[in-house]
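Chemist: Before we start, here is the structure in question, set down as structure tokens.
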Amino acid sequence: WECCRSAVRRLHEPFSLFPETLGLFREMTRSDEDREIGWDAWGAWSDCSRTCGGGASYSLRRCLNGGSCEGKNIRYRTCSNTDCPAESGDFRAQQCSAHNDIKYQGVTYEWVPAPYDPTVPCALRCQAKGRSLTVELAPKVLDGTRCRADAFDMCISGVCQEVGCDRQLASGAREDNCGVCGGDGSTCRLVRGQALPHLTPEQCRYQTALKKKFHVSCRVSCSAS
């Protein structure tokens, strides 16, 4: 019977045989609440850095342990994700042009964004229009500025942050081959062939008349009108 009781104890105490496993288990299952100890509640979200085109907003919290808290005291989110009117122009270009009236080495220039530099994607690098002169006019662009023109990634506090096609920070969302955000590529089909020019109604009528007169095949695309 003593042997049986010993066996029962071992069945109910699986980690007593593997103390190193118990320590690993405790580390892996450490709760989020433990990591939040010492912090005050998150504050309200700030105003968005932009009114359209995708900006950034932040929220702060205070460490109650004299600065020894684990984690960060600031968090970000995207905001104002609706597209800006076409006439408003590029956000980075606006920041460059704001320096047009400020003399650089005694001369004023018309500034435009410099070509993309992956080593400093969030610096305000501008080029004098029509010249080879490229200058860093500010160490950081404004929050919400695209890191580069062909991606949603945006600069926040001078750091390029990944933004998904859903316009959310670090979401990992990507467009599929059909151009659908988060899609699986099943909503489109591949069409092979030659792209045909679009004709105005007048051009279409002329091409149709030629086809009827000379009995030739015209590879053109006519609008419904």
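Yeah, the Cβs are placed from backbone N, Cα and C, and that goes for glycine too.
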Chemist: Pick out which of C48, C52, C122 TrEMBL lists as the disulfide partner of C79.
Modeler: C48
Chemist: With reference to TrEMBL, specify which of the listed residues C52, C63, C122 is paired with C84 by a disulfide.
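Modeler: That record, TrEMBL, gives the partner as C52.
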Chemist: Tell me which of C69, C96 TrEMBL records as disulfide-bonded to C63.
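Modeler: Recorded partner, per TrEMBL: C69.
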Chemist: Given a separation of at least six residues and a C-beta threshold under 8 Å, show me what packs close to C52 (disulfide bond) in the same chain.
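Modeler: The list for C52 (disulfide bond) reads S80, T82, D83, C84, P85, S88, given in order along the sequence.
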Chemist: Here the disulfide-bonded residues are C48, C84; which one has the lowest number of other Cβ atoms no more than 10 Å from its Cβ?
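Modeler: Minimum Cβ neighbour count within 10 Å, taken over the disulfide-bonded residues C48, C84, occurs at C84.
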Chemist: At a 10 A cut-off on CB-CB distances, which of the disulfide-bonded residues C63, C69 has the highest count?
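Modeler: Max Cβ neighbours within 10 Å, all protein chains included: C69.
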